[in-house]
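> Structure in structure tokens, see below.
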Amino acid sequence: MGLRVYNTLSGNKEEFVPVEPGKVKMYVCGVTVYDHCHIGHARANVVFDVIYRYFCHLGLDVTYVRNYTDIDDKIINRANREGVTYDLISERFIKEFDRDMERLGLKLPTCQPKATEHIDEIISLVQTLIDKDFAYQAGGDVNFCVEKFDSYLKLSGRTLEDMQAGARIEVDERKRHPMDFALWKEAKPGEPFWESPWGKGRPGWHIECSAMSMKYLGTTFDIHGGGKDLIFPHHENEIAQSEAATGKPFVNYWLHNGFVNINSEKMSKSLGNFFTIKEVLDRYDNEVLRFFLLSAHYRSPIDFSDQNLTEAEAGLERIYKALAAVEETLAAGNGCTGAPVDASSLNEAEGELFDKTTSISARFGEAMDDDFNTALAMAHVFDLVRCVNRVLSETAGASDNICSLCTLIKAEVAKIAGVLGIFSSKPASFLERLKSRKAGNLDIAVDEIERLIAERTAARKAKDFKRSDEIRDQLAAKNIVLLDSQQGTTWSVK
């Protein structure tokens, strides 16, 4: 059936048909760089990173543009508070954003333009709107005339009358309509400015995204994304000014991710109930955060809490333990031929594992083709993991069939890992990393754990099972779980 995406513009799932066959052009609104990013920003960027990765996985040629808003009232206000220039603020937080995105494991977009590097394009677009009588000068400002654009508010499904009746808008007598918005702002004394036909000033918020997206992607492109909070006014205004200027449809598919909530309230700086990406990644592995953010459908709200992150951590640990068992089986089967699986030689359990492994890519693809349903995609991964655990636990030794199956499992999971940006660490490394993080929260030192395990090993050799059991119980009381195998005793944290 092909890929179907939910288009905010139509309110329906639609078949995805790119403007140019074999190519995808997508633009995602980046951050205003005046402060550290919170995990609401993490969600938007992880969501569109996975969408970007999935298009690449499908073999499409993707141009992905994500901007920086590096001039804005918030940036200027912070610069004034700190007594520095605006560009020092923006450059500082661009670096912080880039560091956060790197820690989250995001692929770099094709292009990351800055508003301040596209002033000429912005001025040209504003002038076009004036020439076409969609914009007017008001002192040193230039405003967009919303009443001139017949389909204004078509993205959010509102009306000007409803907006005006329910709005608390400061009256500006220079505006022809209270909902008119700024394309160009006259510079106040002491503010950064650029020369323009309307005097010294700077861009409004919305115009920069239209100018930059159309420069790199053309007048009509495939996908524009962002958080639901951007539907109005930002994306609504982008549509108005872009389509007024070109007379063509601006974007074919509008995608919006849901909010991250705390206690059923949207997480945001303005509400003061936010956690920065850095704060969360200092406490949890980056893959755990990605796993958590992808555990719900991207359009649904997701509730952030330590409990939910701990549950995500436990889920990811289960998957990695299964992958570790696959690695251990392959390591134990040094003499395996590595030949392709001979389905006719498999027993019933092996046959079930073969079927689930060979179908995982198709099931994963079906989930992703249904509006990038990562929650369902994850469910298919867990289904495979349960089968892996059952079959490997019931299998004695590493037969050629089992080794061939494990090789196949590794290859299939690697494909999924490339799309989701998780499961890509070496299993042993991830589990050790996770154990170290958990151990940091214990009230017993790692050295003491290792000492007690060594003492228990000696007690077992001496057949002092009473002491052996005492040590196991002592460690269990500290949330330490012991696992005995032919290779020795390993431990993990509950």
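Every residue, even glycine, has its Cβ placed from backbone N, Cα and C.
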> In Swiss-Prot, the residues C29, H234, E238 are said to bind Zn(2+). Which of C37, C209 is said to bind at that same site?
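My reading of Swiss-Prot gives C209 as the candidate in that site.
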> From the ranges 31-41, 130-140, 141-151, 438-448, grab the one Swiss-Prot calls motif ''HIGH' region'.
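Going through 31-41, 130-140, 141-151, 438-448 one by one, Swiss-Prot gives motif ''HIGH' region' for 31-41.
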> Could you tell me which of the ranges 66-70, 116-120, 196-200, 266-270 is annotated in Swiss-Prot as motif ''KMSKS' region'?
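Within the set 66-70, 116-120, 196-200, 266-270, Swiss-Prot attaches motif ''KMSKS' region' to 266-270.
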> Take the motif ''HIGH' region' (31-41) and find every residue of the same chain, 6 or more past its ends, with a Cβ under 8 Å from one of its Cβ atoms.
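That would be 68-70, 72, 74-75, 77-78, 89-90, 92-94, 96-97, 100, 227, 259-260, 266-269, 274-278, 280, 289, 293, 304.
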> So among the binding-site residues C29, C209, who's got the most Cβ atoms within 10 Å?
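Neighbour-count leader: C209.
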> For the motif ''HIGH' region' (31-41), would you mind checking the mean pLDDT of the predicted model?
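In the predicted model, the motif ''HIGH' region' (31-41) has a mean pLDDT of 96.
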> Enumerate the residues of the same chain, C29, C209, H234, E238 excluded, that satisfy the criterion Cβ within 8 A of the mean position of the Cβ atoms of the recorded Zn(2+) site; list them in sequence order.
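Counting only non-site residues, the set is W205, H206, E208, S210, H224, G226, L230, H235, N237.
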> Taking the Cβ of E238 (Zn(2+) binding site) as the reference point, list residues of the same chain whose Cβ is under 8 angstroms away and which are at least six residues distant in sequence.
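Non-local contacts for E238 (Zn(2+) binding site): H206, C209, S210, S213, H224, F250.
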